[in-house]
């Protein structure tokens, strides 16, 4: 469970863009890891997270049915769905993202899953989620977005089969909107409808009906869901707002229906909702912009853009910023640990590694299939095989190729976390000992045990190590030892891709290929689409103190648009070694002071900082809206 925005503790957004050209090259997975086994285990983990009446073919035998009265107090059947992590709450936003990413994995790499014998299990995992979403959407403008609440859940350590905590259900409706929640659920059902189109066409059509209604509801009654379902705010708060989810849903509905009104929505609202304004190197259950941008780039590369090619090109530029930043060839790059893992934050960092790995994989494949070749990055071209080689390094790190020699997928390899922060796994199975376990007994008898969990949470990807590759396998170390469904969902497609031989470079050639050295660079200016914003830095004063020379920099940020006003301006600042004046720190970088909510055409924002070095800090635009 993400606590206090834990999935975004140190979110970093950047605004430099890359242009692209391409080369057709393939990739073959190498030896050393059994990716097919990892795929099987990763799908199996979702069975341990099931809520509701478990089916006869349930493979995780230590689990039993639970949450059998969910929704009853609200007069609706909400039995089913998934618990998000190590707790017993059903949170709608991360559950919907999980289903979207499982579906996307199948859509891109279903053939490889079938070759590994896992396609049916993957589809069953998706359907377990969509069956619940159908129940949770009993009316066109009503969506139940949570069952249970994190506060009472956190006061209790109990098997889901023994739950005595609150199972109150919370919903969004026209009077209490939740555009982000409704749109993400629409995206999940649209993506899943494509998954089931060939095998269950009636079910696929039903999912599309729900998806269209939810998108219309999300767009018509706009608002953040955590303002309506306030109990979710400390666990899965919508920090990015709902603009990304609206675009995400529109993209998936276009993919599912080929209805060009959804493409027009995607193209026409790119500026207003941030799709063409935000360049971001983090993708997950809250921030969907990179996923939207990769999908839009796919439409462009497939020749499906039509009259909207210019708008989709701006999406594509942002998608390639994401690629360059992740592989280490951007103007500003994702940090890495000494062992080579992408690093964003201590709390559940691996969620961002798996989600980025998926986007990188599909983008490299899009580039290869379209014949466009390499991504042109500030620090040199990123060939598709370079991108995929980097993805493989991240997956291998998760599976044990790291300084600790620890696999961060439970049950894979010889060394993996034994004290996973998970209520059901850490208490003896109800099938082995049916004696009731109370909230406090769970804490006193099971939570603090030094021994490993009695039940294996097979396939779960835990939060993972810190920025120094350090990891403590302790049950109370929830930042590192708690697993989550949205950690695994993007990994399904990547593992399927790695498990299959997809042609292209031979293994020995692939291993000998020398990648361009990683260069961590920054830039002092921004080059966003439409070049609306100009940044200028100047030294205005220098002085010496205690044998050091200090420099005062004045920064001027100017709106160069002739007619449009810049609103919701966000700036990134890195390499700063002194104090800064004139900006306010925000969730995503820095923003102008409250008395300056907008920059009219030709107007400027000025701020200053002190730097104990002649090199300036790096200042760039991370996002804005032109109105």
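Here the Cβ of each residue, glycine as well, is placed from N, Cα and C on the backbone.
According to TrEMBL, the features are:
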type	residues	note
ACT_SITE	421	active site
ACT_SITE	473	active site
ACT_SITE	482	active site
DOMAIN	533-612	domain 'Carbohydrate binding'
SIGNAL	1-30	signal peptide
The domain 'Carbohydrate binding' (533-612): mean pLDDT? 84
Between residue 473 (active site) and residue 482 (active site), the C-alpha gap once rounded to whole angstrom: 10
What counts of helix, strand and coil residues does DSSP assign across the domain 'Carbohydrate binding' (533-612)? 0 helix, 52 strand, 28 coil
Using a 10 Å cut-off on CB atoms, tell me which of the active-site residues 473, 482 is the least crowded. 473
One finds that other Cβ atoms within 10 Å of the Cβ of residue 421 (active site) number exactly 26
Whole-Å Cα distance, residue 482 (active site) to residue 421 (active site), is 5
